[in-house]
Amino acid sequence: MKNKVFLIGMPGCGKSTIGELISKELLLKFIDMDIYIEEKTSKTISELFEQGEDYFRDIESEACKEIIKYDNVVIATGGGVVKKGINVETLKNNGLVIFIDRPVEKIISDIDVSRRPLLKNGKERIIGLYKERYDIYNKACHKIVVNDGTIDEVIEEIKKIIINN
C-alpha cells in the first residue's frame, strides 16, 4: 500500500469528503490542502486569490513540497494544483495520485460557489474549467475513479486501489 495518496480533481468532485472518510477507514492521517494553506497563511483561499491566482499558485506549490513529508496520509489537493507541472511531478513522484472524475453536471448541481473563488461566475465557469483541466487531470494521475454513484461505492473503489498499490 502506498503511504501517500493524493486525490485530484475538479472543485466539488468530492476530494475532501471522500479523502476524510477513506483516511478514517484505513486509519491514515488526512490533510485537506486548502485548509493546510489557510492555516499556514492565516488567510482564506478567497483572500489569497484576491492577491492574484499566480500568487496563490506559488503558495500552493510550496504547500505541495511541504505535505510530501507526511507519511501514511490521504491528501485532498486543491482543484487547480495540476496547473503547475512542478506540482504534478511532485505528487506523482511521491505517492499514488487518484483523479476523482465527477461528471460536470453533478458538480454544478452540488457545489457551493461561495467558498470557491474560481467558480463565483457560475455554471459556465465550472464547465470551462472542466474542459480546460480534464486532460491535465488524466495525465497527472496514476488511477481514475468516476464519482457518479454513491459515496460508499466510490470509497470502496478507492480503498481497493490504495490497498493494491
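In case you wondered, yes, glycine gets a Cβ from its N, Cα and C as well.
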According to Swiss-Prot, which candidate in R125, R133 joins D34, R57, G79 at the substrate site: R133
Integer Å distance between the CA atoms belonging to D34 (substrate binding site) and S16 (ATP binding site): 10
D34, R57, R133 screened against C13 (ATP binding site), Cα within 10 Å - retained binding-site residues: none
